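Here is what TrEMBL records for this protein:
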- A:21-44: transmembrane segment (TRANSMEM)
- A:75-306: domain 'ABC transmembrane type-1' (DOMAIN)
- A:79-100: transmembrane segment (TRANSMEM)
- A:112-132: transmembrane segment (TRANSMEM)
- A:177-200: transmembrane segment (TRANSMEM)
- A:283-305: transmembrane segment (TRANSMEM)
Amino acid sequence: MTRTKHSRLPKSDALIPVLMILPSLIAIAIFVYGFIAWTGYISLTDWNTLVRNLDFVGLSNYAFLFQDFRFQSDLRNTVVFTILFIVATIGFGLLLAMLVDRRIRAEALFRNIFIFPMALSFIVTGVVWQWILNPTTGVNLILQALGAAKGHLPKWYISTSIVPGISGGQIELGIPIALIAVVIATVWQMSGFAMAMYLAGLRGISDELKEAARVDGASEWTVFRRIILPQLHPITGSLVIMLTHISLKIFDLIYAMTGPGAMFVTDVPGVYMFETTFRGNHYAQGAAIAMIMLLLVSLLIIPYLKSSLKEGAS
Amino acid sequence: MTTKLVKRALLYLVLISFALLFLVPIYVLLTTSLKGNNEVTLDQMWAFPSQIDLSGYKLAFSKLFPHLGNSFLLTIPATILSALLGSMNGYVLSKWAFRGSNTLFGLMLFGMFIPYQSILIPLIQFMQDIHLYNSIPGLILIHVIYGLPICTLMFRNFYVAIPTEVLEAAKIDGTGFFGIYRHIIVPLSITGFVVVGIWQFTNIWNEFLFAVTMTTQKQQPIMVALQNLSGSQIVQWNVQMAGALLAALPTLLVYILLGRYFIRGLLAGSIKG
């Protein structure tokens, strides 16, 4: 961002820009900050019935959640899902970008095919992938045709196993296998985004630098690791932040594709919040889940916003 | 020479396989949706329909039609309004920065990252209080307000690229805040409006959380109706797939026709612009 010079207009005129942006600022102040404060307050009350009850109960809703089997499962699932989703999306996105960036024919066509799922709703994605990964049909039919024994076919999102399944109090710790089905659907939807970001970055790396290294006898792998990857670091950083915050908030896809799952193997805080608030009328508990989600997102986003804006202003 | 040729062939082979893999869901959507009830059995999922049967589409369309209408009535005004507001805000923040404006911009941007669950309960109460709960105008208001950060960000980054000298010259000529906006900024913003417009259209069309919590029955936008359709166990897969395709069609068409601008929007979402 280039810093704009302040205009030298009479004082009365200098007020106009402020007045023009004021309605938006007031709207954000109320609808974002005011409502967050109100949600925070609700999370400290006893409003867990349809009738509003704003008796102050301190942190008891939070205490309940951290002892709750479902919420503990949600936290485990969020950690597992975030890691799998980010590694797979970024890895696959980078691979696609490297392939597309090789001066190929019909580059635009390939790019468009890899990005088009981004234009779809998570709901559509959920509905379609629920069908493709349905254990009694879909991909399993192909695996069967390829010779997989019927008893050994993956159960996809129906699976209740958690690997390795170390006991961690009430819940089992490990990777819920059912989440892998969700990861496949999200990677299909989001890796085009990672590819587009990386392609923009790859276009910025000078060919001379790569050529010079090749002339010096560096292998393609060395060129990739020593020259290309380091220059893509800032993009990887942005991607990790954008994708993590999407993963922390994820709701629609899981709600449409699998729901909470048996033993909550595919449940996430977004789904729990929605169900407990709007299906169970546990408003205070829902508010507490929402505040925890907000806290996690804030820990990630606030430093990112601060550094981006500081960088931009200088 | 030959190794180079082999490498090249291998590259295309990999690219084409990935492309086909990406299109599998579209194949499944199309073939399943065109099958008749007798053909949508689990064991024939991958088979081509033996004849084109539109009964799935007929049923899906009759169930979803009013909701497609709702979504258009919601998405178009919300897109236009949020783009206009975003443009004005972006103009102020990029060309008329005032003391503290950068901080205010940061506070505004935070609004696009929050999980909307954290404002949902008060928002519902508020919409009920102003009698806009369960209405399309209510959803328009919500999408305009929560679309402010991203629209402002995109326009601000777009306007930063317009040289300040052009504006300075106009100011010396006595052109004021609105004159500059109308005669210099707006004519240069056409691409900006297309990018932001496509971005907002796609996002609002596809949005689910606000839609499902703010509306019931008749007022529901398309994505909620689709979720209800697929959530009811009695509905056949061909109807579900036809419904999913109908729901996806508007944004898919926009992507096919104007994909270039959609991708620009995608990249503009990162703050540095």
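Backbone N, Cα and C atoms are what each Cβ position is placed from, and that goes for glycine too.
Unlike curated records, TrEMBL annotations are generated automatically.
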Surrounding residues of the transmembrane segment (A:112-132) on its own chain - C-beta under 8 Å, 6+ positions past either end: 96, 100, 138-139, 157, 181, 184-186, 188-193, 195-196, 252-258
Contact set, same chain, for the transmembrane segment (A:283-305): CB under 8 Å, 6 or more residues outside the stretch: 36, 39-40, 42-48, 52, 57, 61-62, 64-65, 71, 241, 244-245, 248-249, 269-270, 272-274, 276-277
Same-chain residue ranges lying at least 6 outside the transmembrane segment (A:79-100) that approach it to Cβ under 8 Å: 107, 110-111, 114, 174-176, 179-180, 182-183, 186-187, 190-195, 197-199, 202, 224, 232, 236, 239-240, 243-244, 247-248, 250, 268
Sequence-remote partners of the transmembrane segment (A:21-44) [C-beta within less than 8 Å, at least six residues beyond its ends]: 54, 56-59, 61-62, 283-284, 287-288, 290-291, 294
